[in-house]
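Here's what TrEMBL has on this protein:
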BINDING   T55, D143, E205, K235, D239  substrate binding site
BINDING   206-208, N240, 269-276, E292, N327, 348-350, N400, H407  NAD(+) binding site
DOMAIN    240-406  domain 'S-adenosyl-L-homocysteine hydrolase NAD binding'
Amino acid sequence: MTFDYKVKDLSLAEAGRHQIRLAEHEMPGLMALRAEFGESKPLAGARIAGSLHMTVQTAVLIETLTALGAEVRWASCNIFSTQDEAAAAVVVGNGTPEDPQGVPVFAWKGETLEEYWWTAEQILTWPGADTNPELGPNMILDDGGDATLLVHKGVEFEAAGAVPAAAAEDPEEYRIILDLLRASLAANPNKWTGIAGRLLGVTEETTTGVHRLYQLAEQGKLLFPAINVNDSVTKSKFDNKYGIRHSLPDGLNRATDVLMGGKVAVVCGYGDVGKGAAEALRGQGARVVVTEIDPICALQAAMDGYQVTTLDKVVGEGHIFITTTGNKDVIMASDMVKMRDKAIVGNIGHFDNEIDMAGLAQVEGVKKIEIKPQVHEWVFDAGTEMERSIIVLSEGRLLNLGNATGHPSFVMSNSFANQTIAQIELFTKAGTGEYAKQVYVLPKILDEKVARLHLAALGVELTELTKEQAEYLDVDVAGPFKPDHYRY
Ligand code: NAI
């Protein structure tokens, strides 16, 4: 079998396969879904365009989707997050590097932005689909919403009959998207409308991507149904928090190996990700300071024992700065020039606009030194008495995936079990009228199911409600146990 793919090096496949095998052991949720649905294959006929960090854990997700009958094409949702050995193993599948038999993957660590958007186009461009649109994708699995954005922008410009010129203030990345769509419109003026017309739905992994989906739905512009996987409790209250608690220190250690104990660590944002980040840094003995804009989260941080103040007040004091907000312009160049010598600056939110990298590059006389890939020293006032520098991780992109390997398998098993269930839900219920062009969360009973699948591996023994207790609480003995408004 020959198929198209682009990864770094297929000879890494064996190393990737060993890691995938160990990850499977730590991903009981996904393995249970393979056991439950491997025979009935509810995803037979699903053609999934996947855009999510191409890690070892994602490899287990991809192979779960194919075990359930899906065909898949995959790209990473970040230029630095691919683990090349995992990508190679997924392409090779049951074959050999000379005769790969797995899944088409388009991902390697260290893509340029042009290459990144090319890979996004590849997962939506299926062989034969230009002459037979039935062969194109019918599902998207997204993380951050870039695949969804490409389809929506493509449809918008096809309807307008032209792709607009970039405005002067548009970021470089938007120019790249416009150029790509201009070329695709010239080659096939109906490409994106054709793709969108066949898409049965998208399942979205993260806070930032979910935010984009709700915006589209509110404007009446969402082109297909969406499931918000992020807000399954077993996703955001686990991956975003406990995943970060593990992978933030992992990224800091691999990048810098700096001792966190005794240092002042500033965490911007105290949502789910910020809570995990602050706990991890405190666990290492750092004195953690939190910044927040939301009075509820600020109060939570204070009650959890953290100093809460503004960035301005601690900018000269912090040794480590981590942004976790999903917002833009959180740490600006004007902040970075005030930091102490060798302060470490990193972002763990989805996009790189939390830290003003463009402004940093424009600071007068600034010098950038590569310490190693994804670790850069930015020197201010070089050669003068005032010389000092800061260390920026992963060029402002999410450092837990750029400098380390992202969240560990066990927590991702929860997230990806939700993804798999959400794909089954949208694909098998397409055409029933159950899902409109809106954003949905999975029913609580399925959220509880995902948690249940992970209990045995940790030796958790669950107390069972008696019939009388269940009646007293007005719930079913088998769940769901909480009303939808319960916050955990
Ligand atoms: P969230 O909405 O729960 O938390 C973000 C917090 O930042 C909110 O409490 C908000 O009030 C606060 N905030 C917003 N602007 C701020 C500002 N200027 N200064 C200080 N605080 C500010 O979102 P969540 O789930 O914590 O996700 C945060 C980001 O992390 C998102 O971009 C999400 O997609 C991403 N993410 C990254 C992961 C990773 O592996 N690196 C994993 C999960 C999520």
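Cβ atoms here come from the backbone N, Cα and C positions, even for glycine.
In this entry, T55, D143, E205, K235, D239 make up the residues listed for substrate, with the farthest two CA atoms of the set 17 Å from each other.
Nearest in space to T206 (NAD(+) binding site), taking C-alpha to C-alpha distance over the binding-site residues D143, K235, D239, is D143.
Close contacts with ligand 1, defined as a Cβ under 6 Å from any of its atoms, occur at T206, G271, E292 among the binding-site residues D143, T206, G271, E292.
Packing around T206 (NAD(+) binding site) is summarised by its Cβ count: 26 other Cβ atoms lie within 10 angstroms of its Cβ, all protein chains included. Within 10 Å of the Cα of H407 (NAD(+) binding site), the following binding-site residues from the list D143, E205, K235, D239 place their own Cα: D239.
G271 (NAD(+) binding site) sits 25 Å from T55 (substrate binding site), counting Cα to Cα. Neighbour count (other Cβ atoms within 10 Å of the Cβ, all protein chains): 28 for D239 (substrate binding site).
Annotation note: E205 (substrate binding site) sits in a coil segment as assigned by DSSP. When each of the binding-site residues E205, E292 is scored by how many other Cβ atoms sit within 10 Å of its Cβ, E292 comes out lowest. DSSP classifies N240 (NAD(+) binding site) as helix under the three-state reduction. Checked against E205 (substrate binding site) by C-alpha proximity, the binding-site residues N240, E292, G349 yield N240 as the nearest. Neighbours of G274 (NAD(+) binding site), defined as other CB atoms within 10 A of its CB across all chains, total 28. Proximity note: of the listed binding-site residues (T55, D143, K235), none has a CA within 10 Å of the CA of G274 (NAD(+) binding site).
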